[in-house]
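So that you can see what the record holds, here are the features copied from Swiss-Prot:
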| type | residues | note |
| --- | --- | --- |
| TRANSMEM | 9-29 | transmembrane segment |
| TRANSMEM | 39-59 | transmembrane segment |
| TRANSMEM | 89-109 | transmembrane segment |
| TRANSMEM | 125-145 | transmembrane segment |
| TRANSMEM | 147-167 | transmembrane segment |
| TRANSMEM | 184-204 | transmembrane segment |
| TRANSMEM | 280-300 | transmembrane segment |
| TRANSMEM | 327-347 | transmembrane segment |
| TRANSMEM | 396-416 | transmembrane segment |
| TRANSMEM | 425-445 | transmembrane segment |
| TRANSMEM | 544-564 | transmembrane segment |
| TRANSMEM | 721-741 | transmembrane segment |
Amino acid sequence: MEHTYQYAWVIPLLPLPVILSMGFGLFLIPIATKNFRRIWAFPSVLLLSIAMVFSVQLSIQQINGSSIYQYLWSWTINNDFSLEFGYLIDPLTSIMLMLITTVGILVLIYSDGYMSHDEGYLRFFIYISFFNISMLGLVTSSNLIQIYFFWELVGMCSYLLIGFWFTRPIAASACQKAFVTNRIGDFGLLLGILGFFWITGSLEFRDLFQTANNWIPNNGTTSLLTTLCAFLLFLGAVAKSAQFPLHVWLPDAMEGPTPISALIHAATMVAAGIFLLARLLPLFISLPLIMTFISLVGTITLFLGATLALAQRDIKRTLAYSTMSQLGYMMLALGIGSYQAALFHLITHAYSKALLFLGSGSIIHSMEPLVGYSPDKSQNMALMGGLRKYIPITRTAFLWGTLSICGIPPLACFWSKDEILSNSWLYSPFFGIIASFTAGLTAFYMFRIYLLTFDGYFRFHFQNYSSTKEGSLYSISLWGNRIPKGVSKDFVLSTTKSEVYFFSQNISISKGQGNTRNRIESFSTSFGSKNVFTYPHETGNTMLFPLLILLLFTFFIGFIGIPFDNETMDNGIAGVTILSKWLIPSINFTQESSNSSINSYEFITNAISSVSLVILGLFIAYIFYGSAYSFFQNLDLQNSFYKGSPKKNFFYQVKKKIYSWSYNRGYIDIFYSRLFTLGIRGLTELTEFFDKGVIDGITNGVGLASFCIGEEIKYVGGGRISSYLFFFLCYVSVFLFFFLS
């Protein structure tokens, strides 16, 4: 066992030889390296698999009751200061190692098929392998300096992958947006690290936690500087994990390739912020004000993310807002001290969300040959529908992933989300109400994605394309009926003859339909050329295999949080779980063990209430977006409901406001653009005017005045010495007159 821990430092370095080999190959033999580029996927997967084997062994040892191991190498700068580097193996590290390696392997396999025809195939594998190295180094770091170093590497890799297709202006802009937004959090993290070093004189977790224990007897009463430094550390996690108000970069990050979206949302970029808070939770627990602030930010984020996902038309952006909301649940759990529930949800959400993102990539991959390679079309749910007939394997995997995120038992996310909801109700009814209501919203917008993508008819055949702006924008009504008048007409989905609102399932097909599955029709692309298309088809085995493996994780990973100690269950208290055995040292450290047990009756009651909210959300989504909408439309119920003046109808106005709020991202991006972008631009223009008009004006004015005076004076003397003597005596006389008087 000791032997395994001694060589644990190898885990982050295992993927490095492949990166170096690809780099040297591109430098020395570029043509051969590019011609045989797909062979590099095998060593990438192989070495990360070896890292996974090491991680599994470490995790098993942690579950069996091993203690925390830390190895340090000291780098002495002078007699008074030494900088230590090393690695830390504890339950949190082992969980993150398992998560990163398993999801990373599946994403690498998936990427081999998804990126096979991309010119940047090798560059993508270099970036993604280095991404895995950075995250593995982050979770094994033994002090704050190492965390910050790998924190920056994780950010750098994410920026490179978000802007992978940098020739597209939108992707380049998304990369810049992610960079600038995360700079705010990273700067706060750096200041917080330096502040705690100034307070405690150490950057080691052990020393920080020992100092924090001294604050607890004082009822958390600490200096303002300590609270400020803790807030700055939290600011880093806010930006990295896309929490309000620094969440704006996450939806735009979907401009990167879909495999990296899965990795960012499951196991790397956004998980880094949650990991940082979990690692430093013993420090934050001693600061009640910061803990309350963390829970408040998490609550705002989980609700905001759910509301912003309600009316999005881009499938990946909707999933991005879903990730933002689920990260809010984890942040809320950490803020109320529910350490185990937060990590449990981090695990279950990672596999379910990776399944959904890779499933969306399979959908996009099947749509691109038909609609083109523009994300506005291939990712637009307005052009999908009825895909269950054409990509059944993807549809099955996506459905189970959707139900898991919604919280349907016995899928993975049900167990973790239900634990967070129970703990939030125990901590504060305010947090419990918002978290429970958001669970219903989650079911609504997630099932909306599924219905718009797989239910009904394949709507692309009814869409008229043109090169005009009106023909290139599509949208989705929030409630399934006609777009409100307040929304721009550019967002209406229509055909050449009449408007077709695609959420209705009784769309009339053009005459001569026949066997439309085998029909080949022409359509006009945005380039104005005529082409032919068929229906979407299932992707290759290299893309389907990761979906099936993630589907198994979605089914069974939740059981690590289910009690298996029958004797304890007989006493009416929740028994020991695999996760609780895994986290025993950490739970003891955060003093959560007494709060994590819950009566069996309470568990069943809470589960029934949460599942009822989820079923209600699913039912409402089915009413507005499923086959049931056609039934209600045929009954003319909606027309009778709006028979009065619809503009004066309260429901109509609320619906329009919600749609506008959600579709426009809560107007937060617009607010930031006007406040910061336009404000800073105006400030720079004012500064430029002051610099050129005032500062340069004074300097240039003095020079110009001297020049003009000199030009006038030079004609006075005329070159005669008598004139010079005359003026000299006159000036001396005047000077003496004023001086003597």
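Every residue, even glycine, has its Cβ placed from backbone N, Cα and C.
Because the structure is a prediction, the values reported are computed rather than measured.
Using the rule of three or more Cβ pairs under 8 Å, pairs at least 6 apart in sequence, the transmembrane segment (396-416) is not in contact with the transmembrane segment (147-167).
Beyond the transmembrane segment (39-59), the same-chain residues lying 6 or more positions past its ends with a Cβ under 8 Å from any Cβ of the stretch are 4-5, 7-8, 10-12, 14-15, 17-18, 21-22, 89, 93-95, 97-98, 101-102, 104-105, 108-109, 111-112, 122, 125, 129, 132, 136, 582. Cβ atoms under 8 Å from those of the transmembrane segment (280-300) belong to residues 205, 208-209, 212-213, 215-216, 220, 222, 226-227, 230-231, 233-234, 238, 243-244, 328-337, 339, 427-428, 430-431, 434-435, 589-591 of the same chain, restricted to positions at least 6 beyond its ends. For the transmembrane segment (9-29), the residues of the chain that approach it from at least six positions outside its boundaries are 40, 43-44, 47-48, 50-51, 54-55, 71, 87, 97, 122, 125-126, 129-130, 132-133, 136-137, 140, judged by C-beta separation under 8 angstroms. Ranked by number of Cβ pairs under 8 Å to the transmembrane segment (544-564), the listed stretches 89-109, 125-145, 184-204, 327-347, 721-741 are led by 89-109. Comparing 89-109, 125-145, 147-167, 184-204, 721-741 for CB pairs under 8 angstroms to the transmembrane segment (327-347), the maximum falls on 89-109.
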